[in-house]
Structure formats: C-alpha cells, structure tokens
Amino acid sequence: MASRHSSHIWISFTFLLLALVHGQCTIVGFYSASCPLVESIVRSTVQSHFRSDPTVAPGLLRMLFHDCFVQGCDASILISGSNTERTAVPNLSLRGYEVIDDAKTQLEAACPGIVSCADILALAARDSVVLTNGPSWVVPLGRRDGRVSLASDTANLPAFTDSVDMQKQKFSALGLNTLDLVALAGGHTIGTSACQSFKYRTYNFTKVGNGAMDPAFDPSFLPQLRALCPQNGDDSKRVALDTGSPNRFDTSYFTNLRNGRGILESDQMLWADTSTKTIVHHFSMGRSFNLAFVKSMIKMSNIGVKIGNAGEIRKICSKIN
C-alpha cells in the first residue's frame with residue numbers, strides 16, 4: 001500500500017516538473033489568488049456534461065488539438081461567425097462548445113474578466129482524459145484569448161490521408177517531435193470518426209485499385225467495417241476509432257495499429273513507417289504511454305501562447321470583445 005502511494009506521489013511530482021519545464025509563458029497556479037476555484041469549476045462542469053453525454057470527452061480533447069494547431073492555443077476555435085475556424089471542413093464535427101460556454105458563464109459570475117477561454121479549454125481537455133480513465137497532470141495557465149479566427153488558416157491541420165512524413169512536417173513546424181506525434185495520436189483511443197474519413201479504404205482503395213481494400217487492414221476486420229459503413233450508407237455515421245475499448249483511455253489503440261485495425265489511414269501508417277513503428281510497439285506494450293502523452297500535451301498546449309496585449313480575456317468565448 002505504501003509503495004503504491006509513493007508511486008502516485010512520484011508520478012504527480014513528475015507531471016509537475018514537466019509542467020514547469022514546458023510551461024513557457026504559462027505557469028502553474030496562475031489563478032491561485034485571482035480565481036482560486038477555476039479548476040474545480042471547470043472540472044465539475046465537464047463532469048456534469050460528461051454524465052449526460054460521454055462523447056464530450058473526446059470532443060474537448062480534439063478541440064484543444066485543433067485550436068493549438070491554428071494560431072496557437074488561443075481559443076480561436078471557439079469564435080463563431082462566417083469564415084471562422086469552426087466553419088472549416090476539418091472542424092465541422094467538433095463538439096463540446098456548450099461545455100466551454102457553461103464553464104465560462106460560471107467563471108464570469110465567480111471571477112469576472114479573469115479566466116481566459118483558452119485556459120478553460122486546456123483544463124477541460126485534461127479533465128476529459130481523466131474522466132475516461134486516463135492520466136491527470138498539472139496544467140500551466142495564463143493563456144490569453146486570440147482576436148483572429150480564419151477558416152483559411154486551418155489548411156495545415158493534420159489530415160486523415162497525411163503520410164507520416166507530412167504528419168512529422170506539420171508537427172515539427174510547431175515544435176513537436178516524432179515522439180509527440182505518436183503520443184498525441186494516442187488520443188484516438190477515445191472518440192469516433194465519420195465513415196467518410198475511412199470508407200475509401202474498405203471498398204475501392206485507389207492506391208491499389210480493382211475495388212480492393214487497403215492492404216494495411218487485417219482482412220478479418222473488413223466485414224465489421226463494411227457492416228458499420230455500407231458502400232451506399234450514411235457517410236456521416238460515427239464509428240469508434242478504438243474498437244477495443246472506445247470509451248476508455250488506454251493503449252489498445254496502439255495494439256489495433258499493430259494488428260492492422262487502425263481506422264484512419266494516417267493512424268495505420270504509424271505502424272508501417274520505420275520512424276514511428278518502434279514507438280507504436282513500445283506504447284502497445286503498455287510502456288510509458290501515459291507519461292509520454294502528458295509530456296506531449298503540455299508541450300502542445302503551450303504552442304503560440306498569447307500574453308499581454310497580444311490577447312484578451314473574452315467575456316463570451318464565442319465572441320471577440
């Protein structure tokens with residue numbers, strides 16, 4: 001019992017050190033004096049929404065990813081209006097906006113004009129991972145909200161058809177390495193994808209032709225996928241990205257890649273490419289994935305952080321002040 005307790009303390013301390021090392025412009029305990037209840041308010045809000053709709057957990061995690069890869073982690077994804085980021089094709093299926101709005105309303109009542117929407121999103125993503133039995137970590141705070149949100153800026157978001165080289169290029173441009181790429185891809189252990197994002201691999205994979213499936217698939221997996229996504233069926237239907245344990249944050253996603261059961265082509269490529277295969281194998285064996293994921297999340301959530309006059313504290317997350 002004592003050993004288990006000591007291990008928990010060590011892991012928590014490690015995560016705190018990672019937060020301090022990668023915090024950059026953000027710091028741990030940023031609101032300790034100005035809004036000490038910020039984390040409990042966000043946590044309880046995410047929990048409440050999760051109880052009625054568990055899909056908000058992967059939704060919020062994906063939303064943070066899409067926010068940070070465009071204009072940095074500045075909540076620009078939350079701004080509504082024509083030609084904003086949330087209207088871009090890669091973002092049309094994002095969900096969880098109501099959770100952030102709910103938390104913001106409560107925080108404005110408790111601490112008016114203090115907590116940024118960008119920080120709320122970073123906290124909500126962490127809490128979503130915890131609610132799906134994933135690791136927890138200390139989230140450095142102090143981000144300010146951006147004033148620009150353009151659909152045209154989303155062109156560099158990673159796509160489900162991207163080669164590993166292209167994925168690495170997009171991650172590297174933001175200061176993330178190959179280990180970060182594979183660790184963050186592990187977020188697909190929860191959540192779903194629309195049939196339209198992978199059905200082309202199951203009926204007439206153009207890289208092979210002749211109506212064949214993607215040879216990277218396990219052939220015994222094909223009937224299940226075709227049953228879920230018929231050739232003339234609803235392309236918007238959602239299918240779990242991790243068929244082993246779709247609602248639990250674990251390493252079965254990586255086991256799926258080893259077994260040719262990765263849903264997205266970009267994910268399955270991580271097993272085929274020599275530069276990422278070793279990392280996938282390592283994580284599939286249950287080795288250090290949680291720690292690597294946390295380290296990469298802290299790095300990612302500090303991309304392009306705005307401070308001072310470079311940003312603002314929005315009163316309403318969907319509107320620039």
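Here the Cβ of each residue, glycine as well, is placed from N, Cα and C on the backbone.
Its Cβ taken as reference, Pro158 (substrate binding site) is surrounded by 19 other Cβ atoms within 10 Å in the chains shown. Look at TrEMBL and you will find Pro158 tagged as substrate binding site.
Per TrEMBL, the feature Ca(2+) 2 binding site maps to Thr189, Asp242, Asp250.
TrEMBL lists Cys35-Cys111 (among others) with the feature disulfide bond. Around Cys35 (disulfide bond), the same-chain residues six or more apart in sequence whose CB sits under 8 Å from its CB are Leu107, Ala110, Cys111, Ile114, Val115, listed in sequence order.
What TrEMBL lists as disulfide bond is Cys68-Cys73 (among others). For Cys73 (disulfide bond), the same-chain residues that are 6 or more apart in sequence and have a Cβ closer than 8 Å to its Cβ are Leu64, Asp67, Ala118, Leu121, Ala122, Arg143, Met300, Ser301, Asn302, Ile303, Gly304, Val305.
Per TrEMBL, the feature disulfide bond maps to Cys117-Cys317 (among others). All protein chains included, Cys317 (disulfide bond) registers 22 other Cβ atoms within 10 Å of its own Cβ.
In this view, Cys229 (disulfide bond) is surrounded by 21 other Cβ atoms within 10 Å of its Cβ, with every protein chain counted. What TrEMBL records for Cys195-Cys229 (among others) is disulfide bond.
Marked as domain 'Plant heme peroxidase family profile' by TrEMBL: 29-321.
Residues or ranges marked as signal peptide by TrEMBL: 1-23.
Residues within less than 8 Å, Cβ to Cβ, of Arg62 (site 'Transition state stabilizer') and separated from it by at least 6 positions along the same chain comprise Leu94, Gly187, Gly191. Look at TrEMBL and you will find Arg62 tagged as site 'Transition state stabilizer'.
Nearest to Asp242 (Ca(2+) 2 binding site) in space, judged by Cα atoms and limited to the disulfide-bonded residues Cys117, Cys229, Cys317, is Cys229. Among the disulfide-bonded residues listed (Cys68, Cys117, Cys317), Cys68 has its Cα nearest to the Cα of Cys229 (disulfide bond).
The sparsest Cβ neighbourhood within 10 Å, among the listed disulfide-bonded residues (Cys68, Cys117), is found at Cys68.
Neighbour counts of Cβ atoms within 10 Å were compared for the binding-site residues Asp242, Asp250, and the top value is held by Asp242. If you draw a 10 Å sphere around the CB of Cys195 (disulfide bond), it holds 20 other CB atoms from the protein chains shown.
In this structure, the CA atom of Cys117 (disulfide bond) is 23 Å away from the CA atom of Pro158 (substrate binding site).
Taking CA atoms as the reference points, Cys68 (disulfide bond) and Asp250 (Ca(2+) 2 binding site) are 23 Å apart.
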